[in-house]
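If you look up TrEMBL, you'll see GLY98, GLN99, THR100, GLY101, SER102, GLY103, LYS104, THR105 marked as ATP binding site. As annotated by TrEMBL, compositional bias 'Low complexity' applies to 514-525, 535-560, 573-582. The compositional bias 'Polar residues' annotation in TrEMBL covers 561-572, 740-750. What TrEMBL lists as domain 'Kinesin motor' is 11-350. Feature annotation from TrEMBL assigns region 'Disordered' to 514-582, 733-759.
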Amino acid sequence: MSAVQGAHSSSIGIFLRVKPVTRPSLGLSVNDTDHQIHFNLPRALSLGPVNNQRENYQFSFNGVLTADAKQEEVFERVARNVVLGTLEGFNGTIFAYGQTGSGKTFTVTGGPERYADRGIIPRSISVVFDEIAKRAEFNFLVHVSYLEIYNEVGYDLLDPDRDVRSLEDLPRVHVMEDDDGAAHMRNLSSHRAASEEDALNLLFLGDTNRTISETPLNQASSRSHCIFTVTIESRRPGEPMVRRSKLNLVDLAGSERVSRTGIDGGILKEARYINLSLHYLEQVIIALQERSTGGARGHVPYRNSTMTMVLRDSLGGNCRTVMIANITAQHEMLDESISTCRFAQRVALVANQASDAACCMVTINEDIDPDVVIKRLKVENRELKDELRMLRGEGEDRGPLTADEIERVTTQARSYVEDPSPEATLSFGGSMLFINAAFRALKQAARGNLLVAAKGQSLGPPIPGSQALPKGPPAVAAPQEIQQLTEQIRQRDSEIAILVGLVKKAQAAGFIPSSPATSAASRPAPGLPAANLVASPSTGSPPAAGPAPASSGPGRQSGSIRKSVSMPVQSRQPGLAASQSSSLAATGLGSLPSQEVLADRSRAFEAFRISYSGNPVIDANKAQLKAKYDEAKMHGQQVNASKLSIEKLKGQIDRHRTYRSLADITKGPIDADQELEPDEKEMRLHGEVEQAKGRYKEAFARLRTLKSEIEHLHRLLEHNRQARHPVTSSFVGLRGRAQQAPTTGRTGSSGKHGEPLGG
Ligand SMILES: Nc1ncnc2c1ncn2[C@@H]1O[C@H](COP(=O)(O)OP(=O)(O)OP(=O)(O)O)[C@@H](O)[C@H]1O
């Protein structure tokens, strides 16, 4: 017998994710093509919450992620659209539901070991900032908050000022409801994240607080809910309309129920939730499901628990919501997996927003920003006052026009005269000062024309403050002038070639990392032979091949190098080496000895290296920096190893407690609210967890210190280079860019949420 339940007309998307196990149950088969999962239970296993007579169960989802699905696929199929929606102003929620150990945290946050294991949160952060970079026409503001709810109490995971040792050290958050029933978190901090790295650092801080604050008895990761929220605000510059949206990424507590069997073994009841608030979540879902399917249920019991209040907008509200049902393919867990699938089917029947919402009725959250409107009205007000004053013929309370203003008026008047279009206008607002200056400029133009007509007879001196308007076609530069300029350009190219050579040498010597910018810079501009970039510095003569100077080509890289190198301008005459040498000497490089040395780039660089007085200091700093990096790597490995061992131990504790709960049940009726006291084995495991945490904290604290020491050393190095050697600041600029490239990409993701990886 089988039961098929549909999931396709819902506005809450449901996805199934199956966690890989070494020996998957034969009673479970997943079909990714029709998005279904089948359970086939032998009668003997039909215990616990599983229905008494049925052996086959079948559930449909919007998508099924099999055990071999990678984190990237999960993000693309489940999360990307929701995340993109938040950039358009739609609220979004993604929540993971499933029993303890089924892979919720792995799915939402990610695994601690490999970069590829990053979960939905760090990937969403990347997408948010990538998309922001693409939308230059908008101004964005991103804020992050991280809330943990344990035993109905909310805790702020992002308080940077506290030394967190237990959950109680975290600031408490209170959920308040306004008149419209919307939930507001009092005391939950919200942090500005200006970049992906900022947001990843906040995630890392929250996860660290989450790990450290667990106490042996609360088992917080399994029994608490965590909600990472990204708030996005966007507007076009100067426009009053502002869009605000929220992305909630939710890792729910373990959903397992302790089940019990009636005396006759036939009647099965759900007896006890490990977490009561999930029971209330189910109540809310049932009420919403009844309401969505036209049932009589009017009241939705959101207020019964903190978590349902927080998620109120995501369930039956104005939000694009997706649920991930995490199950494990382990045979012993099939009853819990069926229970998770069944819950997902209920969720799939909930329609968000209005009752007529068969499809997504979620609305964009747009508001008028009163600040912008006020600013605009003030400007309008000022303009109107000016106009009024002009119409009344009142004087302007300012002095005469400045030379720049007169120049601007004259230029505008000239463009006006030159514009053949009958629609051309000349406007200076209400200012009589400007209008008069424009008249003077026009008069001058008219007199100029008369002058031409009168064959060169002047009508008098030009009007002070105005410029003669052009009387003919623009002057063509003299051939000598062109030649002189071409010569200057060639000399510049030679200077650049020398500096590019120096940069390469500096890279080879480990001064600066090689960057695409420098290597691209050393390539010739398109259409130019390579010889163009390595012209002989001793003569400053043009390169043998390639008649066009580098600057005339469209090579953008060459142009950018030119900008970043601050060479003195005097070297307009032949004899580059002399001017080059003096300019270098002026910057602390010492003088480059001769044209002969300069002709050989390796010798020139060596001369530069030796003459550079700051060298030993830099070398010492570099050695120190390397030592710090080595140490950081070691502590990074320690942090990861401790984290892994904490997770393993927690898994053991969970399993041990589950066995004990089941053993209790077989002995007779149990009190649903009574906590299991830890036994000897559990206490021992908790002790080991505490030790691992100690190691984790110690290594993490050292890492933190090292981070600031490393940053400090980097600053010192940059300072040394820039202060002593302004010319090489262009190298530093290149180096800075080369360093930034990876940071803006994935710095924070070198491990789980940016924590360092051992490797
Ligand atoms: N898809 C997966 N691939 C590889 N490892 C996984 C996968 N899913 C989970 N794991 C591993 O299984 C273990 C338990 O997973 P996880 O902590 O994510 O479970 P959970 O459902 O969040 O448990 P809890 O309710 O206790 O928080 C972790 O070591 C995790 O790295």
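Cβ coordinates are placed from backbone N, Cα and C, and glycine is handled just like the others.
Note that the structure is a prediction, hence the values are computed from the model and not measured.
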Same chain, 6+ residues apart, C-beta under 8 Å of the C-beta of GLN99 (ATP binding site), given in sequence order: GLY254, SER255, GLU256, ASN326, ILE327, THR328, MET333, GLU336, SER337, THR340
Distance-selected binding-site residues near ligand 1 (C-beta under 6 Å), from GLN99, THR100, SER102, LYS104: THR100, SER102, LYS104
Among GLY98, GLY103, the most crowded of the binding-site residues [Cβ within 10 Å]: GLY98
Chain-mates of GLY98, GLN99, THR100, GLY101, SER102, GLY103, LYS104, THR105 with C-beta within 8 Å of site centroid, ATP: LYS19, ALA96, PHE106, GLY254, ASN326, THR328
Integer mean pLDDT for the domain 'Kinesin motor' (11-350): 84
For GLY98 (ATP binding site): DSSP state (helix, strand, coil): strand
Neighbour count (Cβ, 10 Å) for THR100 (ATP binding site): 24
Of SER102, THR105 (the binding-site residues), the residue whose Cβ has the fewest other Cβ atoms within 10 Å: THR105
